[in-house]
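To start, I am sharing the structure in question, which I have written as structure tokens.
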Amino acid sequence: MENQLIKKIVIVGGGSAGWMTAAALSRYLGTHCEISLVESDQIGIVGVGEATIPGIREFNQKLGIDENDFMRATHATYKLGIEFNDWTQLGDSYMHPFSYFGHDMNGVSFHDYWLKLNQLGDETPISAYSPGYVAAKQNKFIHPNQDPKSVLSRYFYAFHFDATLYGQYLRQVAEKAGVRRIEGKVVAVSLNNAGGIKDVALESGQVIEGELFIDCSGFRGVLIEQALKTGYQDYSRWLPCDSAVAVQTESVAAPTPYTQSNAQAAGWQWRIPLQNRVGNGYVFCQQYLSDDEAIDTLLKHVEGEVLTEPRVLRFNTGRRNQFWNKNCVTVGLSSGFLEPLESTSIHLIQTSIMKLINLFPDQGFNQADIDEYNRQMIEQFEQVKNFLILHYKTTQRSDTPFWAYCKNMEIPEALSYRIELFKKTGQIARCDDEIFVHENWLAVLLGQKLMPEQYHPKVDMIDTAQLKMIMQQMKGVVNQAVAGMPNHQETINRWCKS
Amino acid sequence: MSVPIQKVVIVGANLTGFCAAAYVTSQLKGSGLQVEIIDDGSGEYSPIVSTQASVNSVFQSMGLDLRQLMAATDAAFNLGQAYEGWLGAGSWAFNSFTAPPNMAGFFEFQHFWLKSMQSGNVGDYHQYSLAAMAARQGKFAFPSPANPNPLTQLSFGLNFNSAKLMAFMRSLSINAGVKVADGTLQAVESDENGTVSAVLMSTGLKVQGDFFIDCSLLAKSVLDSHFNLSFHSRYETSPVNRTACIVLNNQDEPLLPQTSVRALPNGWLKQCSDQNRTATTFVYNSNQLTDQEVAIGLLQHMVNQDSDEQPPADVVFSELTPGNKVASWVDNCLFIGAGTFQSCQLDYCDFSYVFKALESFVKLFPHNKNSYNSHEYNRWTQADYNQLLDYECLAMSLAANNETEFWISLKKLELSEAMQHQLALFKSHGRLIDQRQALIAKHQWAAMLISRGVIPVRNHPLMSVLDQADGLPELQSQIGSLVAGMPSHRQFLLRFCQQ
């Protein structure tokens, strides 16, 4: 019995989380297991996570999804990074590009060389050496190549897409693979002797039994919280935003190949360009701003005709104490919420799913596997949490009470160590992070104007005049490569126009 | 105002000291950095030292030509570690530096092996490793450029003649301008903040420095005393605390490209060979055996059981204290080598960590006498040391037999929480903890656990629905023919080093 394959999986909730889970599980389990997804047309989906990070491509590939086909279906555009405006000070701007900066030399990171020239008065920003950044700002895009010698291999890309359409697209994939969709609202959950979930009852009276339950029910956490009382870790003392207001607007220009995040008085505003429209939203903190004020600000700062009524969302930033409890795994908003500042919502969904497949249980539900899953997922959330806090904590703004709070708040020790180490030595602390690595931290640390006091002593082993020449060449190579790239819109038209 | 590092003083004119001098000068060539090395009268290393595959990139970064390095140091190739007798007399298993072939991306190799095993049709785990099969037959080859079969890309470490490696590193150092001071170390001088400013030699000479690297092998070096730095023993009572080593010529025997550990009733016997000599080391607990018993046993073992011949070599005894110093970089002083970290000598690649430490040090090269980089360095090395000791503890606790006092005591070793978790995870479905910065690769954990007879009760559930053929029989036969076509390790070395 113990070693038998799970025969019945019940996914509660559709949306991107539900259908991503259904598509992936059916891909790996084939028809050996009955997978049902319960969702109700009456419950809307949140669907904020329209911007992604490059890991999404790996997930799509594992599912056997054709990229151009999926992009057409979801009105997707390419994404080379995220631009942050007014974060450090009003008027400041930097990008977190999905790209390397220059090339490391003699075992020393590129940024140490850049720092030296910067200290000598060279004002070239480090982004000038990033093919991803330079292309993004010129509204250009071409798929990177695989030749490690080419500068065109030194950036990555993700997508902006319509999350609702992505869910529908994956629904087709999943249903084709045999996933059964059941229309209905869950009204009751009953537990088994082991304290896990036995079945869910729908409004219609139908009762659905399962061996493994996946909670994709959104903020409510119908299974993981309402039924299993798993508990929640609150992150709001470090990430105080608790609301968002979103509207869609008509495109007035060709889509940019990057997301924008513009700091506002009590939070920040996103701008996510799709092929046919633009997604906009203001993430804010109620303590400092009313809904009406937020809506006003948002509408003042959008371009193009407003297509939808402003919709207000509330959230509680944090995570579940456990992501896998008994026979229930939580994926998506039911597992926790981290504001979409670094476009991690979809990524956390895909990570949860792939880790579940990696640690997939049999009917015995081994506790060591569950512990390992929870260990890994907690780490994921904590890592993203720290990366997000970095953006707020390192602001120099104190022009509004919100920013003054962020600037002065206490932060987790691991993050303050990281900031301190970078300031004093230019080193990025070694870590086991999966999502954001050296280049990502570097982009935001430098972008937020944290200048290390010193560069690596080995930098001085290259003669300054020669170093200037090498750096000039690197910049030239980037500019030349970008000059040869087609426009973002041209590339969309060629491959994936909706 | 920060003072840039101009002068590094290395304490310990031994193998570690000269490796440090050669490495640091090679990495900072042209920076004007001066290096001086001083003797502190501390002892020497074991006659043969081994490095693991990941150290090759360190040699490369020093600009060393593999052929020259190996020819000058009598070095032999090392494909991994053989475990003999851990699952009863005559048993054999192998832990290779080379990762197993990628099967179906997502699932690790052991899951495919387990799947075949459950259907009852599979050979020993090591039979699917080219490195293991080549090592067992004493064969070695580089991949042929004409036939770049990914299977033949073997990762290898090196087994060095320590004295020759030291001479080699010494001459590299001298050529790079490293000075060797006369006399031995007597005392240190420090400034008002406690930062070391100079060391005083027996000759009355004072050697000043901005930064100090302590490679001393003494239990408490002069710099340890200065900083009041303590050594943290891993065990209250260590299960092994002494080694006995003997070195013999090996020219008449096949030369295996490996290190080996054989389980014996009261300890384990490690063997490691360079091109001409084999060092055999018995690791044991001195509360259970006297030195005399060990010497007799070791010699009998070496000269083929009950011969009355005069022992051909001396037995050298050493103390063993598994553990590490509580910090490895304090103020302007770095601590590396056997005085800083000692394993239980189950794994043979301790010397690798000297190079790993040096690599980290140069990556975090200090900007001044009180560099904040020490925090990061200590964070890295303490985590590494912990993991290595953890790994050994787990390996020892999965004891080779149940009968003797020695193995019974190992079985009782207390595992850290992380190791209990790893063991439970592997036992149930053959899974391994995901560690990104691990010194020990996932496949090495798997090989070690399987070699100790930890066979998962069940397999990854999704393996049962994977309808892809595992390809193991084909793999095994391919490995068979590849090994058959390889030259012997000795032949290969002869040709390689003489070219």
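For all residues, glycine too, the Cβ spot is worked out from N, Cα and C.
Whatever TrEMBL says is automated annotation, not expert-curated.
The active site annotation in TrEMBL covers A:LYS79. As annotated by TrEMBL, FAD binding site applies to A:GLY14, A:GLY15, A:SER16, A:ALA17, A:VAL186, A:LEU333. According to TrEMBL, the feature 7-chloro-L-tryptophan binding site maps to A:LYS79. The L-tryptophan binding site annotation in TrEMBL covers A:GLU342, A:ILE346.
Show me how these features fit into the structure around them.
Non-local contacts of A:LYS79 (active site) by the CB criterion (under 8 A, 6+ apart in sequence, same chain) comprise A:ALA51, A:THR52, A:PHE98, A:TYR157, A:ALA158, A:PHE159, A:HIS160, A:PRO257, A:TYR258, A:THR259. DSSP classifies A:LYS79 (active site) as strand under the three-state reduction.
For A:GLY15 (FAD binding site), the number of other Cβ atoms no farther than 10 Å from its own Cβ, over all displayed protein chains, is 25.
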Take the Cβ of A:GLY14 (FAD binding site) and count every other Cβ within 10 Å, whichever protein chain it belongs to.
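There are 28 of them.
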For A:LEU333 (FAD binding site), what is the tally of other C-beta atoms lying within 10 angstroms of its C-beta?
26
Just name the winner among A:ALA17, A:VAL186, A:ILE346 (the binding-site residues) by count of other CB atoms within 10 A of its CB.
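When each Cβ's neighbours within 10 Å are tallied, A:ALA17 tops the list.
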What does DSSP assign A:VAL186 (FAD binding site), in three states?
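A:VAL186 (FAD binding site) sits in a strand per DSSP.
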Within 10 Å of the Cβ of A:SER16 (FAD binding site), how many other Cβ atoms can be counted across all chains shown?
30
At the level of the C-alpha atoms, what whole-angstrom distance separates A:SER16 (FAD binding site) and A:GLU342 (L-tryptophan binding site)?
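Computed Cα spacing between A:SER16 (FAD binding site) and A:GLU342 (L-tryptophan binding site) is 18 Å.
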Would you measure the largest Cα separation among A:GLY14, A:GLY15, A:SER16, A:ALA17, A:VAL186, A:LEU333 for the FAD site and round it to whole Å?
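The widest Cα-Cα gap among those binding residues is 18 Å.
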Using A:GLU342 (L-tryptophan binding site) as the reference point, find which of the binding-site residues A:GLY14, A:ALA17, A:VAL186 has the shortest Cα-to-Cα distance to it.
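Going through A:GLY14, A:ALA17, A:VAL186 one by one, the Cα closest to that of A:GLU342 (L-tryptophan binding site) is A:ALA17.
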Hey, how far is A:VAL186 (FAD binding site) from A:ILE346 (L-tryptophan binding site), Cα to Cα, in Å?
24
Inside 10 Å of the Cβ of A:GLU342 (L-tryptophan binding site), count up the other Cβ atoms and send me the figure.
24
